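What follows is a short report on a single structure.
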Amino acid sequence: MRTQISPDGSYVNEGMNCSSLDITMPNGEPHGGLTGSNEFILSASGKKISSENRMEQVNQWCQRKVKSACTRKTLHKRLPISRWLPNYNSSDAVGDLVAGITVGLTVIPQALAYSGIAGLPAAYGLYGSFLGCIVYIFLGSCKDVPMGPTAISALLTYQTARGNVAKSVLLCLLTGIIELLMGLFGLGFLVDFVSGPVSSGFTSAVSLIIVTSQIKDVLGISAKGTTFLEIWQAIFADIHNIRAWDTVLGLTCIAVLLIMRIVAGLKVGPEEDTLKSRKHRIINKFMWLIGTSRNAILVVVCGAIGYVFQSSAQAPFKLIGEIPPGMPSFQAPLFSLTANETSSGRAESFSEIVSGLGSGLIVVPLIALMENIAICKAFSNGKPVDATQELIAIGVANIANSFVQGFPGTGSLSRSAVNNASGVRTPMGNIYTGALVVLSLMFFTPYFSYIPKASLAAIIIAAVVFMVEVKVVKPMWRTKKSDLIPGLSTFIACLALPLEMGILVGVGLNVIFILYHAARPKISVERLTSPGGTEYLIITPDRCLIFPSVDYVRNLVTKHSIRQSLPVVIDCSHVYGADYTAATVIDSITADFTKRDQPLFFYNLKPSVCAVFEGLSPVDFVVYYREEHLDDLLKERAYKPKQVLSA
């Protein structure tokens, strides 16, 4: 089927001549007046604009974008506080106050503990737990997200910055800038390349690594390492120095935390809430509050124990040590390091620091986005999640945290669950959480130094052990067993290799699976009879024809057509796209069929795809759109069934 080109460069898609839809214009112009052009583009007014004026069109596009950015709709979208603040009332304030204080009691011990995972002094977890919360109030779109350090972000910070304070703070700034740029350029879709199985494998591996990294504090020994295997090797190398009192305290704290976690879920009285008495509700609320505040209660009790024993000649527990009192100084991160500030003993410039951070500059923002989006989806009640706005929110929050010496953070799923269960109404709950952290920095840091390391390790272990997603294996096995391959591969790779390499292995396997499915479409082959009684072969690919798959489709079409020696119809109902390589193969196929004098037709080919195939002007390229047209096409080709020829 050839294309008729007019002198002005426009063309009419002849593939629509056989269309079952009548789209003739009232003035008799065929094809609805739809024409294409290689020399002109159409403006919004419908006038032809030559290529010389395209710069003007670009300027107009930029002006429209700037104008749309200044609308009220865009303001509400990019500054979410403007949507809910005008309707804020006293009920919202009470709900946010209760939730904010409850989350604050959770975030303070977690922040102290996560600093240890990041290889930093305990104070730096608190530094990253208040300013980001306040920033998120203005830019965050999810009421349940409490911005701050998390176990995964802390481990990634350690593997990227290797426990260097200045590099960790600079990593926080760079992470925030990258997240902000990703948001401004709409790159939130990148998280879609991390599938559910890969995410589960990564999270499970991280949980085991974090648990492993805290075993040394439970045992009271020294063990350094970045990967799962390295940490265990270091533990066994120093196992002879185990401290009995630290071990007893750590194991006891883990048991107490797990029991209190169970208590939080217990209910007394009838199962239906309407039948519960006021006494039942008070008891249930009290048990929930005790269970939810278990980390804070444990830190207070263990801190008191540490204070009692610290005056003895030989303290039985390892303590976290002195924490500088007061607020951190507000200053920009260091962009270069002196010889005294590096582990190598030589000065490093900004470019050398960035080079040393390596792939962590991509992995840390990506994983932070994954964590945050997972929280937003979990508590969105089916509403769409704006990944772009969340990137902007956590990006600006991390930039702000870097100016108060915080390390990278994001939303925490465990704290979000507490926030939601506490009845948070708006993101304003973050201001009370941040205020509680500020109060602790100003008045309680001298007392934090008495907290035993074993108790903080127990808090981490009791929290992250439930992040191992064993429960997803059975549903995955039942639905699609091949999904276990990228999931298990990611899990093993993250345990054996640095985390950024492990996640890249998982994403790489996902891409390979996608490419394989693109290169090997499913082809159905049926032998049917036309309304006129002629047998023919219909071949139906289930997806688009692009360069990885066209040779595979060609081989199957050739094999079945030669074997059956019947007219062949390629049903293109599912072919929604094609490229130049596909067009060359179609040209070759039609030529082969012509040489064999074997009819070949294309059924229900979309006009856009038809235009691609017509670009090479293939010989005897025939498209039809109604089943009853097949017999007419066979008559035009003077085709006679084999049984007639043999008669």
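Along the chain as shown, the residues are counted starting at 1.
Using N, Cα and C of the backbone, Cβ positions are placed for all residues, glycine too.
For 93-112 (among others), the entry in TrEMBL reads transmembrane segment.
According to TrEMBL, the feature domain 'SLC26A/SulP transporter' maps to 95-485. Per-residue pLDDT, averaged across the domain 'SLC26A/SulP transporter' (95-485), gives 87.
With a cut-off of 8 Å between Cβ atoms, the residues of this chain six or more beyond the transmembrane segment (118-139) that come close are 78-81, 107-108, 110-112, 145-149, 154-155, 157-158, 161-163, 165, 168, 172, 320-321, 323-324, 328, 389, 392-394, 396-398, 400-401, 403-409, 427-428, 430-431, 433-435, 437-438, 440-441, 445, 448. Positions annotated as transmembrane segment by TrEMBL: 118-139 (among others).
Under the heading transmembrane segment, TrEMBL lists 169-191 (among others). Through the fold, the transmembrane segment (169-191) approaches residues 128, 157, 160-161, 332-335, 353-354, 357, 360-362, 364-366, 368-370, 373, 387-392, 394-403, 405-409 of its own chain, all at least 6 residues removed from its boundaries and within a Cβ separation under 8 Å.
With a cut-off of 8 Å between Cβ atoms, the residues of this chain six or more beyond the transmembrane segment (248-266) that come close are 217-219, 284, 287-288, 290-292, 294-295, 297-298, 302, 305, 317, 452, 454-455, 457-459, 461-462. What TrEMBL lists as transmembrane segment is 248-266 (among others).
Residues annotated as transmembrane segment in TrEMBL: 286-309 (among others). Here the transmembrane segment (286-309) has long-range neighbours at 102, 105-106, 108-110, 112, 249, 253, 256-257, 260-266, 268, 315-317, 319, 418, 421-422, 447-448, 450-452, 455-456, 458-459, 463, meaning same-chain residues at least 6 beyond its ends whose C-beta is under 8 angstroms from one of its own.
If you look up TrEMBL, you'll see 353-374 (among others) marked as transmembrane segment.
Here TrEMBL flags 431-448 (among others) as transmembrane segment. Sequence-distant contacts of the transmembrane segment (431-448) (same chain, six or more residues past either end, CB-CB distance under 8 Å): 96-97, 99-101, 103-105, 107-108, 111-112, 122-123, 126-127, 129-131, 133-134, 137, 146, 303, 307, 320, 323-328.
Per TrEMBL, transmembrane segment is recorded for 454-473 (among others). Within the chain, the transmembrane segment (454-473) has long-range Cβ neighbours (under 8 A, six or more residues past its boundaries) at 109-110, 112-114, 116-117, 151, 196-197, 200, 203-204, 206-208, 210-211, 214-218, 220, 246-247, 249-251, 253-254, 257-258, 261, 295, 298-299, 302, 317-318, 320, 414, 484, 487.
Per TrEMBL, the feature transmembrane segment maps to 485-516 (among others).
Per TrEMBL, domain 'STAS' is recorded for 537-615.
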Chain residues in Cβ proximity to the transmembrane segment (93-112) (below 8 Å; excluding those fewer than six residues from its ends, i.e. six or more beyond): 122, 125-126, 128-129, 146, 148-149, 289, 292-293, 295-296, 298-299, 320, 412, 414-415, 418-419, 422-426, 428-433, 435-437, 440, 448, 451, 456, 459, 463
DSSP residue counts for the domain 'STAS' (537-615), split into helix, strand and coil: 39 helix, 15 strand, 25 coil
Residues from the same chain, set at least six apart from the ends of the transmembrane segment (353-374), whose C-beta lies under 8 A from its own: 145, 150, 152-153, 156-157, 159-161, 167, 170-171, 174-175, 178-179, 182, 188, 190-191, 194, 199, 202, 335-337, 385, 387, 390-391, 394-395, 398, 408-413, 499-501, 503-504
